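As written in TrEMBL, here are the features:
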| type | residues | note |
| --- | --- | --- |
| BINDING | N137, E140, N166, E169, E198 | Fe(2+) binding site |
| BINDING | E140, H165, E169 | Zn(2+) binding site |
| TRANSMEM | 6-29 | transmembrane segment |
| TRANSMEM | 36-58 | transmembrane segment |
| TRANSMEM | 73-91 | transmembrane segment |
| TRANSMEM | 127-149 | transmembrane segment |
| TRANSMEM | 155-178 | transmembrane segment |
| TRANSMEM | 190-210 | transmembrane segment |
| TRANSMEM | 216-237 | transmembrane segment |
| TRANSMEM | 249-268 | transmembrane segment |
Amino acid sequence: MDSAVLFALGLTLLAGLATGIGSLIAFFASRTNTKFLSVSLGFSAGVMIYVSLIEIFVKAKDSLTNAHGESTGYWLTLVGFFGGMIFMAVLDRILPQLGNPHEVKTIEDMDEGPTNDEYARLRKMGIFTALAIGIHNFPEGIATFMSAIQDPTLGVAIAIAVAIHNIPEGIAVSVPIYYATGSRKKAFQYSFLSGISEPVGAFAAWLILMPFLSDTLFGLVFSGVAGIMVFISLDELLPAAKRYDEAHLSIYGLVAGMAVMAISLVLIV
């Protein structure tokens, strides 16, 4: 295993472990900073949308047109891009049966103590939410890993964006588990485990995809990654950011994320 693979796996691991940070914030912070949360989620969406459309989609198209010609390569890029979106849409249709990973919990939710007959329901909800987020994070791990393998700087940017949006997911898991069990340790463990699926996804990409990597496979995977990231941004990050929005802060965060990503890409060229 060379240094590039280790670096990509390490990035994905750090991004996945951000769910644990969300759990710790829920336990030790006194209130949710909604302004910061709104800006941060908007910023994460801006980074992911910009890098997906300007960098990843273009690299996928270049790879596929190099292998199949201009017209066929472009159509294959579109197939991969919208295929990634469809994959996430289907996944989101399945996951509500397990628990809604997009239901962002706040620290204030911990002040709303449950009645006795709600403890079992809360524990079940927390476990299912952890499972749903784990499944949901698996393709994000593949996206982060493949991006870091192709371009380490790009991988760092995506890992940061993914980590930001993993923090409220950690809160979403830990709040119901904590109230159902009264154990911070168990709540943290479930939150931590829900993020482990990202490095598992990265390891699967290395084990299964890397040995067969060609221009065609790389282009299809990368265009699919772009579609996945755009879908997550539009379906998950922006709605969550708008929920806590004040004076268009989420949009300012979105624009800032795009601007930072654009400037960083110019500086490293």
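Cβ coordinates are placed from backbone N, Cα and C, and glycine is handled just like the others.
TrEMBL does not curate its annotations; it predicts them automatically.
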Long-range neighbours of the transmembrane segment (216-237), counting only residues six or more past its ends (CB under 8 A): 41-42, 44-45, 48-49, 51-53, 56-57, 59-64, 67-68, 73, 76-89, 92, 101-102, 139-140, 142-143, 146-147, 150, 158, 165, 209
Env. residues of Zn(2+) site, Cβ within 8 Å of mean position of E140, H165, E169 Cβ: A18, T19, I133, H136, N137, V162, N166, I232, E236
Residues flanking the Fe(2+) site, with Cβ no more than 8 Å from the Cβ centroid of N137, E140, N166, E169, E198 and excluding those residues themselves: A15, G16, A18, T19, I133, H136, G141, V162, H165, S194, G195, S197
Densest Cβ neighbourhood among E140, E169, E198 (binding-site residues), 10 Å radius: E198
Leading stretch by Cβ pairs under 8 Å, where the reference is the transmembrane segment (249-268) and the options are 6-29, 36-58, 73-91, 127-149, 190-210: 36-58
Closest-packing stretch to the transmembrane segment (127-149), where packing means Cβ pairs under 8 Å, from 6-29, 36-58, 73-91: 6-29
Set of same-chain residues at least 6 away whose C-beta sits under 8 angstroms from H165 (Zn(2+) binding site): L41, S44, I232, E236, L237, A240
N166 (Fe(2+) binding site), number of other Cβ atoms within 10 Å: 25
Long-range Cβ environment of N137 (Fe(2+) binding site), under 8 Å and at least 6 residues apart: G16, N166, E169, S194, G195, S197, E198, G201
